[in-house]
Amino acid sequence: MSQTGLSTVATLPIEEYSIKLQKLIEILQRSSHFTPIQVKEILLEVNILPEELMPWADFEHPVADSYGRRLVYDGGHFEIMVMSWVPGDFSAIHDHGAAQWGAVQCFGAAEHYIYRFSKGLLSTLDMAHYSPGMVRTVDHSLIHQMGNAGAEPFLSLHVYGCAKPKGSITGNARIFDLLEESIQYTDGGVFFCLPDDQINRRLSGVRGDRQTTFRHHQQMCDRIYRILQHQYNPELAQKLAILSGYSS
């Protein structure tokens, strides 16, 4: 998978999914007007095991991808995805495009931060970390970030829905880039340092509070360092030099 961001396995006939995944799909097909709390309760009730998601695991994703991202099922008004997190993987700070409701179940101890964006300022609202098996809700206003600060890889299961989708439910998601001080709109993975051809448009004039900016720069610095270990990129090397200046 490249930084287009979504490695797909073709949607299968429903009978080829595990029994619990079949149940999840069948429930989500009944309505396009779920609430985030309802989706959380559905995931807890269905109780999918991480072993059932291994066909969509992508622990060997390219280092330029901030995490592995694979589509499990496209239901029209809902999408089911599996994300793969190796140690050190962190998403960029982002929202979820047109998604109105959803939930995320994490099968590892993930770091998770929730943000507020108001009057051009991005600030950390809450540190709401995941314990293994925990489910958290997703609504249209959610701006967040998650990642693996531990020593073991893990998967997470994501459900996103929209009453009247126009194209990809999570398309045109916003990434908050505090080095560039911009919002980047993308249809792919919400990765650090997306190439220009994966950014639909930019809005300038974004800044972060001190805590949020420091964390963002640390995580971006780590991702760039990992990329440069595999292949030299002069543009990323320049960004790394700028980021190093912030921490010195």
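Quick reminder: no glycine exception, Cβ is built from N, Cα and C everywhere.
TrEMBL does not curate its annotations; it predicts them automatically.
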Can you pick which of His61, His77, His129, His144 TrEMBL lists for the same Fe cation site as His94, His96?
His144
Taking only same-chain residues 6+ apart in sequence, whose CB is under 8 Å from that of His94 (Fe cation binding site), what do you get?
Ile143, His144, Gln145, Ala173, Arg174, Ile175, Phe176, Val190
Select the most exposed residue of His96, His144, where exposure means the fewest other Cβ atoms within 10 Å, treating these as the binding-site residues.
His144
Per DSSP, to which secondary structure element type does His144 (Fe cation binding site) belong, with helix, strand and coil as the options?
strand
